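Noted in Swiss-Prot for the protein shown:
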{"type": "ACT_SITE", "residues": "144", "note": "active site"}
{"type": "BINDING", "residues": "69, 94, 121, 144", "note": "S-adenosyl-L-methionine binding site"}
{"type": "BINDING", "residues": "148, 180, 217, 218, 219, 220", "note": "substrate binding site"}
{"type": "REGION", "residues": "150-155", "note": "region 'Interaction with RNA'"}
């Protein structure tokens, strides 16, 4: 597998271009189990970055609705969803290798075969590899909220990114977001409300109750015990 999570970009003089990224890659230590999963399971379930569109039918060996999750962490929720919906295809993107290894190991343990994972910048994957109008669902759960005002520009939910997601979703496809930081939830709602090609699936025009399709994580359960809130937003592509 490739260990480059971003592709270098240069100007006409060959100088590296700086691009604002929504993540900081933390070099966590791989456990022996995670390394073993990467070594043995990546050939079957891993997909290396390439700057050309994927043939999703060939990737999975069948045509089926595709769910793409951005930033799946250790992969517990993603594997649970893939196991619960064998009739669907799932793609997970995560930049942290320990999480990718853990996800692969969990998928093997669960007997999941309808999941493919990538270790690369999700924006580049969407731009270069995911065909337009090919996704049924895009999931973005608990992205880094970048709490400090001077870092807000790093938040992944910005108008250009929402437009990119909109291009990749099929008509009627859904963009599902969740955050435990209320200011970020309000930011998400403001950006999504300004996107002309999305409509809210909330009966009140803002947030929705956690759908049964999104597994409750241990992190979220702990937050609930401490009285922390979680905000889910679901928007459907209209055109």
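Glycine too: its Cβ is placed from the backbone N, Cα and C atoms.
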For residue 217 (substrate binding site), name the DSSP secondary structure in the helix/strand/coil scheme. coil
Could you give the mean pLDDT over the region 'Interaction with RNA' (150-155), rounded to a whole number? 74
Under DSSP, is residue 180 (substrate binding site) part of a helix or a strand, or is it coil? coil
Cα-Cα distance maximum in Å, computed over every pair in 69, 94, 121, 144 that the record assigns to S-adenosyl-L-methionine: 15
Including all protein chains shown, what's the count of other C-beta atoms within 10 A of the C-beta of residue 180 (substrate binding site)? 17
State the Cα to Cα distance, in Å, between residue 219 (substrate binding site) and residue 144 (active site), rounded to an integer. 14
Could you check the recorded positions 94, 121, 144, 218, 219 and say which one's CB has the most other CB atoms within 10 Å? 94
Do you know offhand how many angstrom separate residue 121 (S-adenosyl-L-methionine binding site) and the residue listed as 'active site' by C-alpha? 14
Taking the Cβ of residue 220 (substrate binding site) as the centre, how many other Cβ atoms fall within a 10 Å radius? 19
Same-chain residues at least 6 positions away from residue 217 (substrate binding site) with a Cβ under 8 Å from its Cβ, in sequence order, are 76, 77
Relative to the Cβ of residue 69 (S-adenosyl-L-methionine binding site), which residues of the same chain, six or more apart in sequence, are found under 8 Å away? 78, 90, 91, 92, 93, 138, 139, 140, 141
